[in-house]
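Enquirer: I'd like to ask you about the structure that follows.
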Amino acid sequence: MMLTSCCCSTSYNRLPPRCFSAQTRTKPSVEQREHALLYYQYFIGATSRTASLLLPQTAAAMSQLYYKKADNSSYRDRIPLRIVRAESELSPMERAYLGAVEKGDYASVKQALEEAEIYFRININCVDPLGRTALLIAIENENLEIIELLLSYNVYVGDALLHAIRKEVVGAVELLLNHKKPRGEKQVPPILLDKQFSDFTPDITPIILAAHTNNYQIIKLLVQRGVSIPQPHAVRCNCVECVSSVDVDGLRHSRSRLNIYKALASPSLIALSSEDPFLTAFQLSWELRELSTVENEFKSEYEELSHMCKQFAKDLLDQTRSSKELEIILNYRDDINPLLDENTNDLARVKLAIKYSQKEFVAQPNCQQLLASRWYDEFPGWRRRHWAGKLITCVFIGLLFPLLSILYLITPKSRYGLFIRKPFVKFICHTASYLTFLFLLFLASQHIASAPPNCQGPAPTAVEWVILPWVLGFIWTEIKQMWDSGFQDYIEDWWNLMDFIMNSLYLATISLKIVAYVKYHGPKERSSWEMWHPTLVAEALFAIANIFSSLRLICLFTANSHLGPLQISLGRMLLDILKFLFIYCLVLLAFANGLNQLYFYYETQGSLNCKGIRCLQQNNAFTTLFETVQSLFWSIFGLISLHVTNVDPKHEFTEFVGSTMFGTYNVISLVVLLNMLIAMMNNSYQHIADHADIEWKFARTKLWMSYFEEGGTLPSPFNILPSPKSVFYLFKWIKTHLFKRPSRNRCKCFEMLGRRAAENVRLSHEYQNVLKNLMKRYVAAMIRDAKTAEGLTEENFKELKQDISSFRYEVLGMMRGKSPGWSSSTLAYPGNSFKYSPKLPIEDPQQKLYVFDAFSATLQRGAANSSSSACTSRRANSLVVPPSSETAQRELSKDVPVVGALQRQSRRLSHKCDEIHSLPEEDKLGSGEQNKDKCHTDKVIVDVLKKVERDVQEADRTEHTQEVKNGPRIEYKN
């Protein structure tokens with residue numbers, strides 16, 4: 001019983017505390033207690049060993065049974081964890097070796113490398129838990145001295161060059177490029193070159209990675225060494241190589257192509273390697289946009305690269321500083337044919353930008369300024385005039401367009417003949433001519449001079465005879481435009497398609513009127529005419545053509561800054577409407593088919609000889625498929641009543657199903673689809689509003705360029721009249737091609753070709769000179785913007801910490817009187833004695849280097865003449881020594897060159913700030929925020945160096961005390 005009570009008390013105390021709470025505890029009955037105790041004694045008395053093993057579990061089970069509550073304590077639910085992909089551990093010596101590289105301890109690293117060559121106790125190519133070798137650690141810390149040291153001992157390079165490029169350490173890239181890889185027995189085994197263990201995919205080459213980072217100096221270093229990039233295949237290439245690559249690994253093929261295009265789209269690479277950066281940016285942007293439609297999985301990446309190319313062309317054009325440079329850039333063309341007498345002042349580059357849809361380039365302020373100066377050629381100061389004066393001038397020129405056209409026909413080279421050729425005057429004359437045409441259409445629609453209504457084949461009226469020359473002039477204009485620009489470019493403009501439809505309708509109207517005039521004679525009641533009578537069809541087509549003619553005037557709104565963005569938004573909304581109609585037609589046909597199937601059997605004869613939904617009492621709305629489609633369409637506008645779902649036999653179930661289907665259609669079309677259309681149109685308008693300036697300027701430039709062309713001077717209907725100039729050109733062409741004499745004109749032809757070839761060479765030379773200047777300005781601006789945007793980051797403080805750590809070890813070596821390259825090692829090699837030189841005796845206390853004073857003087861001197869960023873920390877180039885001892889000063893003068901030799905090369909930011917290009921002085925001045933960061937950085941440096949000086953002094957005192965007690969240390973050698 002004592003054992004039982006003891007065990008009971010023990011198990012009772014082991015219960016979870018929450019079992020004793022007032023809320024969960026229930027008072028057991030006497031029978032329950034006796035049953036539990038008997039059950040407990042049975043298990044304890046079985047065997048002492050079994051009881052000792054099962055005692056805790058049994059106690060817990062009995063307590064749960066006693067209190068009737070499950071034990072769900074959190075401490076019993078544990079997941080055992082273990083390392084399933086363990087890697088080989090580093091030895092203490094290897095950890096110390098990598099730690100010295102991390103801290104920048106040059107002496108310890110050098111001693112470890114020397115010991116490794118002699119005793120082979122460490123692997124100099126060992127990796128830390130992050131997979132970094134000593135070389136990669138030095139690259140991450142941008143410690144060029146240690147990188148050079150490691151390379152001198154032929155450590156494994158591997159992907160170090162790629163890591164240096166990714167970190168943008170220019171000095172490390174130069175060292176790795178100049179490093180000669182070991183050959184023969186020192187070469188790394190091929191197993192270590194497995195790409196599966198690399199941080200980079202096999203398609204990533206140094207030039208591709210450098211282009212991804214867009215580092216101008218690294219790209220320049222690689223390009224100078226003759227690197228190359230694989231040529232990507234066409235978007236829809238079906239060659240054997242592309243097909244097999246997709247079949248083997250489609251993801252790798254897509255990723256490889258994306259990486260190549262990402263490199264090709266690098267602004268720095270284009271600026272360095274392209275002879276015509278503008279043309280390269282245009283073509284690459286267009287190709288990337290095509291790729292975004294094919295590679296839907298990487299659509300956002302390709303669109304971003306396309307926008308990058310467009311922005312590069314725009315930024316490069318920003319660097320032009322004079323109208324001369326701008327004209328050379330915008331008028332240059334690389335497809336000049338010396339056999340043709342082509343105009344070299346036709347803004348060929350702007351036309352190319354419009355063709356490739358380079359909206360940012362076209363809307364650039366410099367480009368727009370040149371275009372505006374040409375547009376208002378004969379009207380200097382036009383924009384400064386009052387709006388009333390502008391209106392009067394436009395109206396006056398518009399009223400004189402017939403007279404100006406006649407003068408141009410007679411004397412095209414005269415003053416007034418040349419006046420109408422000016423782009424702005426040409427635009428006003430064409431607008432006035434089109435407004436006159438619309439006025440004639442208005443007169444024709446009002447039937448001021450019309451034929452009798454019952455005449456089946458009426459003769460043309462006077463107004464229609466006047467309209468005919470305008471129509472013929474419009475057709476001739478479209479034919480010339482299609483001939484000059486080509487069919488492909490012609491159909492890409494939606495306004496040309498609208499003109500084609502409008503002219504086709506007018507031609508069909510004229511043809512049907514001629515047929516009616518020839519075939520039908522005499523009057524006849526119009527009510528008795530057949531449905532497809534030529535006169536009726538001609539009247540319908542003429543009415544539709546009038547609508548298109550009036551809407552065509554919207555194109556002229558582009559010239560206005562207020563109406564232009566609205567016109568562009570309208571065009572984008574039409575695209576949304578077309579997308580909406582596709583979904584709506586699917587819903588419409590689905591419900592039309594169902595309703596027609598349901599109501600097909602209930603067709604009636606109608607009432608009052610009227611059948612269909614256009615009757616006063618609508619009937620038979622769903623009896624035919626065509627009638628059903630019409631009924632559902634007009635129901636959107638609320639023109640269909642609900643009683644059309646009723647049937648005469650009073651089949652209530654059929655009426656219920658029909659009305660339910662009709663109501664469901666209205667809910668889907670009105671509530672869902674119509675609101676979706678409104679949201680799409682709102683989104684399109686907001687997109688145009690966000691880019692209103694660029695979109696409007698691009699559309700206005702397209703309008704202006706159509707009037708900059710040489711041809712198409714005369715408006716309709718004067719353009720159909722043969723001018724003396726046209727007759728002269730016709731005879732000249734006949735004489736050249738039919739009566740040519742090659743023997744006489746051969747010398748003149750060769751002389752002309754020579755002059756044109758020389759002119760082309762001169763233009764190309766001018767263009768390349770301008771490009772060279774633009775590139776210099778662009779690179780300088782890019783570096784300046786990078787300096788301004790980057791500022792002071794956490795990585796800069798890490799670099800500063802690394803510099804201070806390295807400087808600390810150098811100072812410690814100098815304080816002990818040793819050469820900086822052979823300071824005492826901090827590596828802990830157990831069981832190994834390193835060579836150590838005893839400390840030189842100090843003759844004069846003043847011979848110590850006062851680190852804080854030295855660095856403070858350096859900072860004061862650097863603040864007076866330094867203009868670099870705050871992150872560029874300078875070493876203590878001048879050492880300040882108390883002037884009380886001339887001997888100390890002489891000894892110090894000997895150590896100054898040694899200290900200068902210890903200085904490290906500047907880090908990545910100093911390379912960017914000082915070494916890439918020499919900038920003007922005003923560009924080197926930092927902002928107020930950068931100066932504030934510099935003060936903060938200097939304060940951190942001073943605080944750290946105070947601590948370093950205290951540590952050095954304390955170490956010297958401790959070492960001196962030990963030498964006094966124990967005597968000088970002895971050098972041990974293995």
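Quick reminder: no glycine exception, Cβ is built from N, Cα and C everywhere.
Not my notes, these are from TrEMBL:
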- 237-299: domain 'Transient receptor ion channel' (DOMAIN)
- 952-974: region 'Disordered' (REGION)
- 387-411: transmembrane segment (TRANSMEM)
- 423-442: transmembrane segment (TRANSMEM)
- 462-479: transmembrane segment (TRANSMEM)
- 500-520: transmembrane segment (TRANSMEM)
- 540-559: transmembrane segment (TRANSMEM)
- 580-602: transmembrane segment (TRANSMEM)
- 622-644: transmembrane segment (TRANSMEM)
- 656-678: transmembrane segment (TRANSMEM)
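Each of the listed features needs to be described in terms of its position in the shown structure.
Expert: Sequence-distant neighbours of the transmembrane segment (387-411) (same chain, 6+ residues past either end, Cβ-Cβ under 8 Å): 379, 417, 419-421, 425, 428-429, 431-433, 435, 713-715, 718, 721, 723-724.
Sequence-distant contacts of the transmembrane segment (462-479) (same chain, at least 6 residues past either end, Cβ-Cβ under 8 Å): 433, 436-437, 440-441, 443-444, 448-449, 496, 499-500, 502-503, 506-507, 510, 712, 715-720.
Sequence-distant contacts of the transmembrane segment (540-559) (same chain, six or more residues past either end, CB-CB distance under 8 Å): 427, 431, 434, 437-438, 441, 445, 495, 498-499, 501-502, 505-506, 508-509, 512, 566-568, 570, 696, 699-700, 702-703.
Residues 576-577, 580, 583-584, 587-588, 591, 594-595, 598-599, 622, 632, 635-636, 642, 645, 647 of the same chain, all 6+ positions outside the transmembrane segment (656-678), place their C-beta atoms under 8 angstroms from a C-beta of that stretch.
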Enquirer: Same chain, outside the transmembrane segment (423-442) by at least 6, Cβ under 8 Å from its Cβ: which residues?
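Expert: For the transmembrane segment (423-442), the sequence-distant neighbours (Cβ-Cβ under 8 Å, at least 6 residues beyond its ends) are 374-379, 382, 394, 397-399, 401, 404-405, 463, 466-467, 470, 546, 549-550, 552-553, 556, 559, 704, 707-708, 712-713, 715-717.
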Enquirer: Could you give the residue numbers and ranges of same-chain residues that sit at least 6 residues beyond the transmembrane segment (580-602) on either side and whose C-beta is under 8 angstroms from one of its C-beta atoms?
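Expert: Residues 621-625, 628-629, 632-633, 647-649, 654, 657-658, 661-662, 664-665, 668-669, 673, 676-677, 680.
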Enquirer: Mind looking up the mean pLDDT for the domain 'Transient receptor ion channel' (237-299) in the predicted model?
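Expert: Averaged over the domain 'Transient receptor ion channel' (237-299), the predicted model reaches a pLDDT of 91.
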